[in-house]
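For reference, Swiss-Prot has these:
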BINDING   66, 68, 236, 311  Fe(3+) binding site
BINDING   66, 68, 236, 311  Zn(2+) binding site
BINDING   75, 138, 171, 239, 316  4-imidazolone-5-propanoate binding site
BINDING   138, 313, 315  N-formimidoyl-L-glutamate binding site
């Protein structure tokens, strides 16, 4: 069934560029975009429905390409500790941080995790998100990682959004493997990944490359295991120090390397040559009160696509608005509003391997878009908080209006 969506303007991101169509029209046929362009050039057709968008601005549906939305427990107490001057590393060394969430997640039932994640994700969906990634990594044993990944798959069946599932078993060292990091990495590679991938629960594999997590050599073993299973890889890299994890990710043609505050010029060059997306996470930068900025100019020089994500997690970025991350990326990291919009649409799609069907308004792609009641697209990065009036469309069907 063909629908005509008209009386609107569009920021299409067509062809990987920030492109504007004034007085636009968009035609959908089933769940796909059939035509988009200036309304004056609209070909005649027999449309089953004509929808007046009242001068709204259309953008591709927003994509949150890095979240940890499934977890048990609450770490607001650590927020208070950090305000008193305790560092992230000190909290982790005392048994807090990821370890405390692991305990709570292991104790929670699948139904409890499903219900709590749904509550967290509803604000993101109302914010215009039509696709997102959710990582495991708070289970750190086979049964608990399986539980998390099953919840992620169930969320994908229930939410009006495309959900990608990433296995982050190499997130931290579980207590039962204290002092035996190499043994745990071997367990991930020989047992956990084959089992979880064999059950169809994994779309990609991630790891945390940092002094308080895993070394580049250990991460590489995980990447090799993922490659043998035919799974793409991603990496938390250069958040707190420079271990050149982003260059390692580039060598394995990773979909993305994320955080990147301490990456070097050579790291940026490697990522640009490999086509690995840089995922910027300003929420964690802000909450941890970091001062080392990601090298945005180096990323630009080497043509590295920059995505932006919420990093929704209980410890370092309890962020429930992807649109707020646009403002943070512009204000803290000095991205332009155009770069920020591309970062939560086209480049975010690339960071998840979804760019063939998501991330821009082009013929043949899924009709996932948002109709915003704004005067110009830069307002998406300008307004702080609130729920901008909008209509969220997924697969050519309205899923939210507010």
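For all residues, glycine too, the Cβ spot is worked out from N, Cα and C.
The distance from the Cα of residue 311 (Fe(3+) binding site) to the Cα of residue 75 (4-imidazolone-5-propanoate binding site) comes to 15 Å.
Under 8 Å, Cβ to Cβ, and six or more positions away along its own chain, residue 75 (4-imidazolone-5-propanoate binding site) finds 96, 97, 100, 101, 314, 315. Classification of residue 66 (Fe(3+) binding site) by DSSP places it in coil, neither helical nor stranded. Annotated N-formimidoyl-L-glutamate site 138, 313, 315; additional same-chain residues within 8 Å of its Cβ mean position, judged by their own Cβ, are 68, 71, 75, 98, 101, 137, 314, 316. For the recorded site, residue 236 (Fe(3+) binding site), the DSSP three-state label reads strand. Taking the mean position of the Cβ atoms of 66, 68, 236, 311 as the Zn(2+) site, the remaining same-chain residues with a Cβ inside 8 Å of that point are 67, 135, 258, 259, 279, 281, 284, 309, 312, 313, 317. Nearest to residue 66 (Fe(3+) binding site) in space, judged by Cα atoms and limited to the binding-site residues 171, 239, 313, is 313. DSSP gives residue 316 (4-imidazolone-5-propanoate binding site) a coil state; it is part of no helix or strand.
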